[in-house]
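Enquirer: Can you keep this structure in mind? I'll have questions shortly.
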Amino acid sequence: VSDLQEEGKNAINAPMNPSTVDIHPEDTLLEENEERTMIDPNSKEDPKFKELIKVLIDWINDVLVEERIIVKQLEEDLYDGQVLQKLLEKLADRKLNVAEVTQSEIGQKQKLQTVLEAVHDLLRPHGWTIKWNVDSIHGKNLISILHLLVALAMHFRAPIRLPEHVSVQVVVVRKREGLLQTTHVSEELTTTTEVVTFSLERDAFDTLFDHAPDKLSVVKKSLITFVNKHLNKLNLEVTELETQFADGVYLVLLMGLLEDYFVPLHNFYLTPESFDQKVHNVSFAFELMQDGGLKKPKARPEDVVNLDLKSTLRVLYNLFTKYKNVE
């Protein structure tokens, strides 16, 4: 081990391979042509990288709160497949045929294999690139685990806002002709949430945002005029579409005005404080829209609450299309 550790240090300090990364002894125990990857310590300190990990951990804990599972560290808590199994079962609303508790490495990898196959069945038809496998997850490779979790969060439209354009520097250690060589590569973990989230359901609003942003203000102005025409009856006025519909209150009141009925106050939160209360309001407004003959909105309530402008515009435009001539 001492010899290999010294060999690792020599490889790192060699003029042809400048690097400031400390290689742990276990990372130098490589077979010929074998390689191992690790995150550059400087990247681990990046605020956006830390935020990504925190957001994902909080999301997993929220999803699994009824299971009384608490994740504290992604590498240590997800590698054996137990948490991933529960997470997928909850998100996909299906039961996987795997053993509940597996202590042996073989049993853990078998469970992981089953869980990841189920994940791949969900993601592959939608064009997702698979950047993880059983060995990398079980080997506690944080990059692979993050790629997997980001893909799941995007696919299931998690009610979270992932930091955009998160990249990390990855150190690749490879053994060739008995010597260790290190190289650095940049690994992109997230692009823009918008691009990934809506890539499967392109519509006029995608085109508007991508190719005619100058016309966006015209659309917003028309929708503001439309909603204020009705909300003014209650002495309410909208100036910012992005924020003023996020708690669902104006959406509920607007539906009552458009359909000419009073919405009992006990059906929704007039002054919502928590995220869940806001989601309840928007979901309730969506139910009123469907009762009024509209199709179920493409947007999720969580997207509207998370200030996603495109989702809010989709909802309001559907109302405008049906009710634009209502006085």
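Glycine is treated like the rest: Cβ placed from N, Cα and C.
Sharing the features that TrEMBL gives for it:
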| type | residues | note |
| --- | --- | --- |
| DOMAIN | 50-157 | domain 'Calponin-homology (CH)' |
| DOMAIN | 217-324 | domain 'Calponin-homology (CH)' |
| REGION | 1-23 | region 'Disordered' |
Enquirer: So what's the mean pLDDT when you look at the domain 'Calponin-homology (CH)' (217-324)?
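Expert: When the pLDDT values over the domain 'Calponin-homology (CH)' (217-324) are averaged, the result is 89.
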Enquirer: Under DSSP, the domain 'Calponin-homology (CH)' (50-157) has how many residues in helix, strand and coil?
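Expert: The domain 'Calponin-homology (CH)' (50-157) comes out at 74 helix, 0 strand, 34 coil.
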Enquirer: From the DSSP assignment alone, can you count helix, strand and coil residues within the domain 'Calponin-homology (CH)' (217-324)?
Expert: 73 helix, 0 strand, 35 coil
